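Asker: One structure follows; several queries about it will come next.
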Amino acid sequence: MKQLTILGSTGSIGCSTLDVVRHNPEHFRVVALVAGKNVTRMVEQCLEFSPRYAVMDDEASAKLLKTMLQQQGSRTEVLSGQQAACDMAALEEVDQVMAAIVGAAGLLPTLAAIRAGKTILLANKESLVTCGRLFMDAVKQSKAQLLPVDSEHNAIFQSLPQPIQHNLGYADLEQNGVVSILLTGSGGPFRETPLRDLATMTPDQACRHPNWSMGRKISVDSATMMNKGLEYIEARWLFNASASQMEVLIHPQSVIHSMVRYQDGSVLAQLGEPDMRTPIAHTMAWPNRVNSGVKPLDFCKLSALTFAAPDYERYPCLKLAMEAFEQGQAATTALNAANEITVAAFLAQQIRFTDIAALNLSVLEKMDMREPQCVDDVLSVDANASEVARKEVMRLAS
């Protein structure tokens with residue numbers, strides 16, 4: 001039985017992870033749950049899964065959780081703060097850590113799990129976008145096993161040979177017969193919109209994703225294809241891929257989640273319903289398989305599958321991300337931070353849709369691109385880029 005810590009248990013990935021546990025109580029036991037401020041959901045999770053520990057981000061939330069659990073007769077020990085989250089990620093009895101805390105808050109707990117040599121089910125995008133080199137160096141030193149949860153990276157992982165899976169981030173693709181990795185994306189809701197009309201697109205229009213249901217921030221990232229740009233950065237680190245070994249493809253139906261092209265002409269793809277429980281269950285059970293609760297893909301109901309190359313005039317954010325990777329971790333960190341500010345400004349109707357890419361570029365041009373040497377350096381770049389982005393938004397919005 002695998003012992004599990006879930007970082008970010010009350011978020012959507014955390015809830016889906018617990019659903020997989022629910023379907024497979026004989027395979028998984030929850031040791032620790034870590035969350036932000038959602039006490040109500042954490043109470044429900046603690047009562048159902050009886051973890052030894054529950055950690056809330058702040059003391060007030062932890063106090064409330066403790067009171068509510070005691071009233072219900074729960075014996076779960078309640079803790080608070082980032083150090084407690086890091087401790088849960090490194091617990092001796094834990095085999096697997098689901099790293100699903102969103103944003104910079106997830107960096108140190110994920111790094112703690114890596115340094116403790118755990119199997120890390122990686123769902124925190126920022127880990128590799130901002131700390132790719134730092135994290136991959138730590139993986140090598142501690143011999144931790146990274147398993148990607150993101151549907152595209154998980155699809156690539158499943159389509160790669162075992163020697164690469166067991167030495168993720170360091171195995172040589174070419175030596176293992178791999179020519180390239182094909183990263184697919186839907187192209188978002190504005191795939192067919194005339195370029196001249198993009199400036200007038202509203203937040204509500206940007207948030208109507210055709211295939212996946214997701215939050216407003218990531219919906220906008222899908223519309224700009226910044227999400228694919230960030231996934232490109234992650235894939236370069238995860239699979240030790242050069243620029244020439246990466247292809248980005250628009251695949252509007254989102255049925256093929258990504259592919260791998262081999263030297264002999266074969267292309268291996270992973271298909272499935274667009275449901276995050278599939279990649280989550282895959283990483284949890286790897287190298288075995290368990291029931292995820294996802295309905296089987298019905299091939300008879302599929303429409304034609306189509307593919308196209310991305311147009312960088314339509315998706316300048318994608319190009320920005322690809323170029324930022326070549327500049328280093330300071331650039332990818334700054335781009336990610338700037339994008340959070342510009343997307344929030346677009347959602348608040350302070351700037352136009354087309355201003356997102358323009359402002360992201362403007363921030364990159366103003367930043368000091370010295371390579372960060374530790375997580376604190378990364379957080380400093382993140383904070384500086386956010387500040388520059390806020391000023392750029394104010395300049396444009398005034």
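Just so you know, glycine gets a Cβ as well, placed from its N, Cα and C.
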Asker: For the Mn(2+) site that Swiss-Prot describes with Asp150, Glu152, which of these is also annotated: Glu77, Glu92, Glu93, Glu231?
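Answerer: Checking Glu77, Glu92, Glu93, Glu231 against Swiss-Prot: the Mn(2+) site match is Glu231.
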Asker: Going by Swiss-Prot, Thr10, Gly11, Ser12, Ile13, Gly36, Lys37, Asn38, Asn124, Glu126 bind NADPH; tell me which of Gly188, Gly215, Gly229 is listed for that site too.
Answerer: Gly215
Asker: List the Cα distance (Å, whole number) between Thr10 (NADPH binding site) and Asn227 (1-deoxy-D-xylulose 5-phosphate binding site).
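Answerer: Spelling it out, the Cα of Thr10 (NADPH binding site) and the Cα of Asn227 (1-deoxy-D-xylulose 5-phosphate binding site) are 22 Å apart.
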Asker: Roughly how many Å lie between the Cα atoms of Lys125 (1-deoxy-D-xylulose 5-phosphate binding site) and Ser12 (NADPH binding site), rounded to a whole value?
Answerer: 14
Asker: Work through the binding-site residues one by one (Asp150, Glu231) and point out the residue whose CB has the fewest other CB atoms within 10 angstroms.
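Answerer: Counting other Cβ atoms within 10 Å of each of the binding-site residues Asp150, Glu231 gives the minimum at Asp150.
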Asker: How many Å lie between the Cα of Gly36 (NADPH binding site) and the Cα of Asp150 (Mn(2+) binding site)?
Answerer: 21
Asker: Taking only same-chain residues 6+ apart in sequence, whose CB is under 8 Å from that of Ser12 (NADPH binding site), what do you get?
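Answerer: In sequence order, Gly215, Met276 meet the Cβ cut-off.
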Asker: Quick one: of Asn38, Glu126, Asn227, Glu231, which binding-site residues lie within 10 angstroms of Asp150 (Mn(2+) binding site), measuring between C-alpha atoms? Sequence order, please.
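Answerer: The binding-site residues passing the 10 Å Cα test are Glu231.
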